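Database features (Swiss-Prot):
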type    : residues                                                                                          : note
DOMAIN  : 26-251                                                                                            : domain 'YjeF N-terminal'
BINDING : Asn80, Asn81, Gly82, Gly83, Asp84, Gly153, Thr154, Gly155, Gln156, Ser157, Arg158, Pro159, Asp182 : (6S)-NADPHX binding site
BINDING : Asn81, Asp149, Thr185                                                                             : K(+) binding site
Amino acid sequence: MEICPFVRLLDWRTLRAADCLTARQSREVDRFAIEELGISSLVLMENAARSVCDWFSQHVQASSSEETSFVVRVVCGRGNNGGDGFAIARLLWTMGYAVEIFATHPEAELAPDARVNAALARKLGIPWREMREFGEAAASARAEDWIVDAILGTGQSRPLSGVLAELVQGMNASLSRRLAVDLPTGFSADAGPGLGNPLTEQPHELVELCVRADVTVTFVTPKMGMLHPGAREYLGETFVASIGLPEKLLREAVSLQ
């Protein structure tokens, strides 16, 4: 079932390694688009955000009644995945959704494109809450609410620990539905979902170090980690979204490596 020309449901039955990109290849696609084709990184970010919002507009109707309203809590990291999140928050807000932003880092510490989209979201007056409030907000959320995970995407390079590990566990414990932008936090583009033990006082207890998404909207192509046997448990219903690159040029970018 296709939602629109730019967002399609992933068919797990036909997924092959040849269909997937590694984290390195994903970075090369972005580099090729920006440096070789001259497409602005902000344009790519906007296209990615619009694809996620296309999914929302098809599946999650904005409520016009306070009695039936729900909240979309967008959790944004410091890098480009966070930039996608700020843009998603802005677009959903203009579409009539009730949105709250939680940022893992101060604006001064954000990557340049993320900072641009954070500033735009600020100017629109979208509610911006302190990160320390997220645990309480997630714990008191209703099943109708949504958490948009825009923390790391394909940018994860090592297992989660500390504050990020606690944040992931808080997301998974929430009644909210969860949508992952590109990949759930803790899900490696190359290796799949993460397990580990950041809790030193319980050295023999394995805990989940990966967001359990109900929906994942991944960009350009599936990722190699999606071939992991346990991947679907963390990705949920998975969609592949275009960011505006023709397939022929995409193949050319990957073949250059």
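Numbers here mean position along the shown chain, with the first residue as 1.
Using the three backbone atoms N, Cα and C, a Cβ is placed for every residue, glycine included.
Secondary structure at Arg158 ((6S)-NADPHX binding site), as computed by DSSP, is coil. Fewest other C-beta atoms within 10 angstroms, among the binding-site residues Asp84, Asp149, Asp182, are seen around Asp182. Averaged over the domain 'YjeF N-terminal' (26-251), the predicted model has a pLDDT of 89.
With respect to their backbone Cα atoms, Asn81 (K(+) binding site) and Gln156 ((6S)-NADPHX binding site) stand 10 Å from each other. For the K(+) site, the Cβ centre of Asn81, Asp149, Thr185 serves as reference, and the other residues of the chain with Cβ at most 8 Å from it are Val75, Gly77, Gly85, Ala150, Ile151, Leu152, Gly153, Ala180, Val181, Asp182, Leu183, Pro184, Val211.
Taking Asp149 (K(+) binding site) as the reference point, the binding-site residues whose C-alpha atoms are within 10 Å of its C-alpha, out of Asn80, Gly82, Gln156, Arg158, are Gly82. The sparsest Cβ neighbourhood within 10 Å, among the listed binding-site residues (Gln156, Thr185), is found at Gln156.
When the binding-site residues Asn80, Gly82, Asp84, Thr154, Gln156 are screened for a Cα within 10 A of the Cα of Thr185 (K(+) binding site), the ones that qualify are Thr154, Gln156. In the three-state DSSP classification, Asp149 (K(+) binding site) falls within a strand.
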